[in-house]
Amino acid sequence: MKLPGQEEFEASTASENAPAEQLDNGTGSEGPPDTGSRELAVPKNPLLFIQLNELLGWPQALEWRETGRWMLFEEKLEVGAGRWSTPHVPTLALPSLQKLRSLLAEGLVLLDCPAQSLLELVEQVTRVESLSPELRGQLQALLLQRPQHHIKTTGIQRWRGSPHPKEASHDEEAPLKEQRQNPLRQKLPPEAEAGAVLAGELGFLGQPLGAFVRLRDPVVLGPLTEVPLPSRFFCLLLGPPMLGRGYHEMGRAAAVLLSDPHFQRSARRASSHHDLLAALDSFLEEVTVLPPGRWDPTTRIPPPKCLPSQQKRSLSQLWGAKDPSVPCGAPAEDRHGRGPHAPNPELQRTGRLFGGLVQDVRRKASWYPSDFSDALHLQCVSTVLYIYLATVTNAITFGGLLGDATDGAQGVLESFLGTAAAGAAFCLMAGQPLTILSSTGPVLVFERLLYSFSRDHGLDYLPFRLWVGIWVATFCLVMVATEASVLVRYFTRFTEEGFCALISLIFIYDSVGKMLNLAHAYPIQRPGPAYGCLCEFLGPEGNESQWQKTRSKGTDDIISMDLGLVNASLLPPTECVQRGGHPRGPGCHTVPDITFFSLLLFLTTFLFATALKHIKTSRFFPAVARKVLSDFASVLAILLGCGLDAFLGLATPKLMVPQEFKPTLSGRGWLVSPFRANPWWLSLAAVLPALLLSILIFMDQQITAVILHRAEYRLQKGAGFHLDLFCVAVLLLLTSALGLPWYVSATVISLAHMDSLRRESRACAPGEPPRFLGIREQRLTGLVVFVLTGVSIFLAPALKFIPMPVLYGIFLYMGVAALSSIQFTKRVQLLLMPAKHQPDLLLLRHVPLSRVHLFTAIQLACLGLLWTIKSTPAAIVFPLMLLGLVGVRKALEWVFSPQELLWLDELMPEEERSNPEKGLEPEHSFSGSDSEDSDLMYQPKAPEINISVN
């Protein structure tokens with residue numbers, strides 16, 4: 001039987017997420033249409049608020065009382081507690097649905113009723129032949145009686161309505177003040193409509209009375225519902241007393257039917273009584289029955305974390321209606337959110353030199369004005385603070401590491417200046433302004449190797465580095481001209497996860513290593529309390545000259561250390577010896593144990609940031625407070641660490657920022673000479689290291705770009721692979737000429753940037769989690785971050801009070817968050833779990849556990865090999881090994897079947913083209929009999945931002 005409205009289901013379900021899109025009041029201009037983005041249309045069916053009013057008090061004083069409400073889930077009125085229950089998935093008894101169908105089959109059905117008020121509606125409903133004029137009058141008076149609502153206002157829940165039953169006059173049909181002030185109204189979208197279900201036992205009726213009304217024009221029916229919304233549906237279920245709570249359950253069944261999107265759509269388009277019953281029958285065909293005695297009926301099923309896909313329910317119904325025995329062959333989205341075999345138009349060759357670059361410029365130019373207007377939102381303020389601190393910390397960390405690696409040829413000042421200049425220029429010109437440029441671990445390894453080679457062969461490092469940069473920029477421009485960026489199609493999840501896991505582990509290792517360095521620089525004072533003698537930091541005992549030298553460096557309370565600035569009062573070693581000798585005499589002046597309190601700040605910052613980030617999904621605090629705390633998690637953690645350090649007056653290492661604006665290496669200007677002491681032929685010999693670095697730059701840049709542009713992130717303004725690589729090439733040439741560090745996309749900060757700009761629906765029905773709408777795509781946050789980074793050179797007096805252990809804790813937090821968010825980590829955990837304790841992952845339903853472990857073991861072996869090569873003198877071939885990940889993934893096609901690779905990874909372009917007819921997409925099997933596969937239709941569309949670390 002064909003359901004009404006099936007012809008239009010594609011138009012109404014293709015834009016499943018559009019209602020939430022409109023509810024995000026902070027979005028900016030949608031901008032011009034983009035060929036590479038999916039447009040979201042406005043749906044035809046608004047959200048429906050359903051209220052159940054039950055007739056109570058028979059045979060004494062009759063009154064209508066609100067006992068339940070539905071939007072997406074059911075809320076029951078808990079009379080004893082005087083509150084609404086938590087939203088839950090409604091469960092119905094099958095007989096109640098069958099009785100409801102029988103009552104509607106024999107009752108009154110009015111479609112497109114012209115009533116404009118509650119009085120006119122009641123007159124229409126009571127015009128049935130079975131009612132005498134006297135009964136009709138009594139029933140009309142009863143239906144016009146004002147119901148009792150349970151409205152929560154200003155923290156007090158109370159019954160609202162007339163204490164004595166009386167008929168509502170024309171003037172009394174206006175909404176009550178309490179209805180207009182109901183806070184529930186703020187959770188509903190502006191276009192929401194209402195549906196009222198009235199049910200109960202009435203002794204003077206000789207037979208059941210059922211009526212279903214669809215109003216032609218929605219109208220506010222006075223105080224009928226607790227929220228003054230225009231009503232579209234009205235359902236009346238009355239009858240003589242019966243055993244049990246038959247009419248109450250039938251009323252709940254009617255409300256659940258109206259809350260179902262498919263039944264609601266069919267009811268809106270029904271043209272006859274027969275169409276309405278067909279929609280009810282379709283609902284019954286999808287009902288899942290729980291056997292009695294196997295579950296507790298009083299248990300309330302919590303709402304799912306992600307709502308079912310209504311579009312796939314429609315597809316399933318259509319295919320089943322056509323021919324249940326024919327397997328479906330219509331296209332469907334795969335588990336990664338993309339249409340099957342739909343190539344990205346941005347990764348198609350044009351066949352012209354710089355053709356991809358020209359297309360990127362044209363595509364992004366139309367969005368350029370909205371890239372600034374879309375940033376006018378409070379969320380961007382928290383993003384700027386968070387990313388600014390992360391960028392400054394990254395600049396300081398890599399600046400210090402670069403200074404160590406190059407023996408002072410480059411340092412923190414170059415890192416600050418290069419980060420600010422290159423980052424700001426990239427945000428203004430790049431195709432994807434959400435990308436944050438920074439120094440990265442792999443590039444730092446290459447810089448260390450290049451400096452070691454120059455030192456061992458007596459070469460002038462900076463001129464040699466300039467020629468390497470010139471050749472790298474040339475190779476990158478060649479790749480842009482030949483559209484080499486289309487090769488990123490071969491970067492599957494296997495390559496991305498291997499790269500992300502490696503960089504995440506490097507970052508975690510470095511943050512923990514920094515804390516271990518503190519333990520060496522500030523030995524733990526074992527005896528007594530956590531205090532140690534200052535003399536231990538000043539060299540051998542009695543070293544009076546060392547004390548005088550340290551004291552003369554600045555104020556009386558500063559000791560200059562390699563890892564930062566330590567505040568303490570100084571006491572001459574000789575005086576310390578005279579008062580009791582070393583190491584702990586009675587007169588020895590002491591300072592707090594630096595390592596102990598640094599470790600305390602390190603762990604406190606990490607744990608506090610982690611707790612605040614997860615508070616968004618907790619049950620504590622209102623939703624607005626949870627969102628603010630989650631958005632500012634890193635900022636608040638840093639402020640907590642700084643406050644704790646200042647309150648306790650700890651002598652921990654502090655953030656070091658440049659004091660003067662000049663190159664770190666004395667005697668050189670800002671422009672690097674091409675030759676100086678190096679021979680001319682070195683400009684040609686630089687081709688070999690430049691070729692390796694070009695591979696590294698391409699992999700590092702484009703892997704980050706591919707991760708940023710995964711379909712589940714719902715970016716609407718398109719990518720810019722060719723334009724981004726062109727900008728990186730130009731900036732490489734500029735930084736090489738100025739002796740500044742080389743910069744590419746930093747995976748950690750870029751994806752943390754995206755994560756902080758997540759857009760979610762603001763108006764959510766009770767029990768409905770906020771829906772992921774996409775990313776707030778704009779250029780302003782990144783631009784402001786890099787401008788502040790440049791200004792930070794002159795903010796040394798304020799920034800020097802930030803403890804370094806606090807920033808190390810933030811780095812650890814970002815690294816752990818990255819590692820825990822990728823599928824690879826979850827599969828590694830499976831190696832340590834017995835089968836009975838393993839989570840019910842979808843891939844385990846379709847891939848044997850032994851094959852999953854084999855795939856994970858191969859990834860672990862590749863990761864171990866990359867780590868080993870990075871840590872040895874053979875690190876010069878590290879770029880080739882990254883490229884080798886693509887080759888390993890290609891070789892896996894000989895070990896795993898395409899179906900297994902589809903669940904564990906993705907299909908490569910050639911493999912998709914060679915299997916167009918096999919229906920490998922796991923979500924294609926809607927007509928199968930395996931009920932477990934129904935979960936495939938309900939994949940979450942909001943992505944986990946895979947924050948990886950550089």
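Glycine is treated like the rest: Cβ placed from N, Cα and C.
Since the structure is predicted, the reported quantities are computational estimates derived from the model, not experimental observations.
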Please identify the range among 415-446, 831-862 that TrEMBL labels transmembrane segment.
415-446
Would you mind listing the long-range same-chain contacts of the transmembrane segment (415-446), meaning Cβ under 8 Å and 6+ residues beyond its ends?
360, 363-364, 371, 387, 391, 394-396, 398-399, 401-402, 405, 503, 506-507, 510, 657-658, 689, 692-693, 696-697, 700, 704-705, 708-709, 718-724, 727-728, 731, 734-735, 738, 740-747, 749-750, 753-754, 757, 775, 777-779, 782-783, 785-787, 789-790, 792-793, 870, 875-876, 878-879, 882, 950
Looking at the transmembrane segment (385-403) and the transmembrane segment (632-651), are there 3+ C-beta pairs under 8 A, with each pair at least 6 apart in sequence?
yes
Give the residue counts of the domain 'Band 3 cytoplasmic' (175-297) per reduced DSSP state, in the order helix, strand, coil.
48 helix, 29 strand, 46 coil
Three or more CB pairs closer than 8 Å, sequence separation of 6 or more: does that hold for the transmembrane segment (466-487) against the transmembrane segment (632-651)?
no
If you run through the domain 'Band 3 cytoplasmic' (48-153) with DSSP, how many residues end up as helix, strand and coil?
32 helix, 39 strand, 35 coil
Have the transmembrane segment (632-651) and the transmembrane segment (806-824) got at least three CB pairs under 8 Å, pairs 6 or more apart in sequence?
yes
Report yes or no: does the transmembrane segment (594-612) come within contact of the transmembrane segment (806-824), defined as 3 or more CB pairs under 8 Å with a sequence separation of 6 or more?
yes
Please work out whether the transmembrane segment (806-824) lies in contact with the transmembrane segment (499-519), by counting C-beta pairs under 8 angstroms that are 6 or more apart in sequence and asking whether there are at least 3.
yes
